[in-house]
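Structure record follows, encoded as C-alpha cells.
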Amino acid sequence: MHVFPIAHTAFDTATAELAGYIPHSVTQDVAPADELAEMSGRNCYRSWQRRNPHTTDNAGYLKQIIDHQHYSVLEHASATFFVEGVSRALLAELTRHRHLSFSINSQRYIDYSGTTPVIPPAVEKGSTEEAVIRDAYTRAVADYTDLTEGLRARGLKRKEAREAARCILPNAAPVDLIVTGNMRAWREVIAKRFHEAADAEIRELASTLLRHLKILAPATFQDFSTDNPAQDERGDGEGTGHA
C-alpha cells in the first residue's frame, strides 16, 4: 500500500483581506486548510478582531470549533490522495463514506491477468496462510484469463469479455484509486477507520492518511493521535466493526 497526497486547498490571503478577514502572520505558518476553516467560522459572526484570548491563534480557534462540533466550516478545504495497491475489499468499505469522491481502476477495461493479491496485514509474510491466498488467487486469475480469452473467441469485445470474466476475481484483487474529501469528511474517515474495531487493512490506510492530514491541516486534526488507533466509540458507529 502506498498513499500520496496529490492536491489540497490553497488560501488567497489578499482576497481574504478584502473580505475583512485578518490572515495570520507568515511567521505563524498556518496551513491553508486551517486558515480557510478559521475564516469560514469567523465569517459566521463577523468576529474578525480576535478579541477572545483563547482563540487568538488558529489552533485555539479550531479547537473551539471542534469542541462545539461546528464541523461545517471544515467542509471548505479538501485534500486529494493517490492510493496504490489496496484490495477490493478495502475499496468496498471506503466507498461507504458518502462524502468522498473516487476515480478507480475499472475492471472492465484493465486486464487483471498479471496481477498479484493484496495480502491482509494479519497474514505473516512467508507463512502457510500467505501461500494459500496466493495459490487461490493464482487459480482465480488463471480462470479469469481463460474466461476472457474464451469470450473473446466467441466474438465479444474486449470490454465485454472482461466485464463478464471479472465476476470471479477475489476481494484480494488490487486496485489503485484517486480519492478526494473535504476535511470534515476526512475527519469522519479517521474517526471510524483508525479504530481498533476497524478492518486491519483500512486501519492501516487511515493511519497513513492521518499522518498526511496532520501535515496538510494540523489544527483541523489536532485532536487525533497518530500513535494508536482509537478505542472509544466515535461517530455514529458505522465502520467501527460493522463492515
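Cβ from N, Cα, C; glycine included.
Please treat TrEMBL annotations as automatic predictions, because they have not gone through curation.
The record from TrEMBL ties E93, L94, T95, R96, S106, Q107, R108, R166 to dUMP, and of the options R134, R139, R187, R193 it ties R193 to that site too. Matching S72, S87, S113, S207 to the FAD binding residues that TrEMBL gives (R96, H97, R98, N182, M183, R184) identifies S72. Here dUMP is bound by E93, L94, T95, R96, S106, Q107, R108, R166, R193 per the record. The longest Cα to Cα distance in that group is 29 Å.
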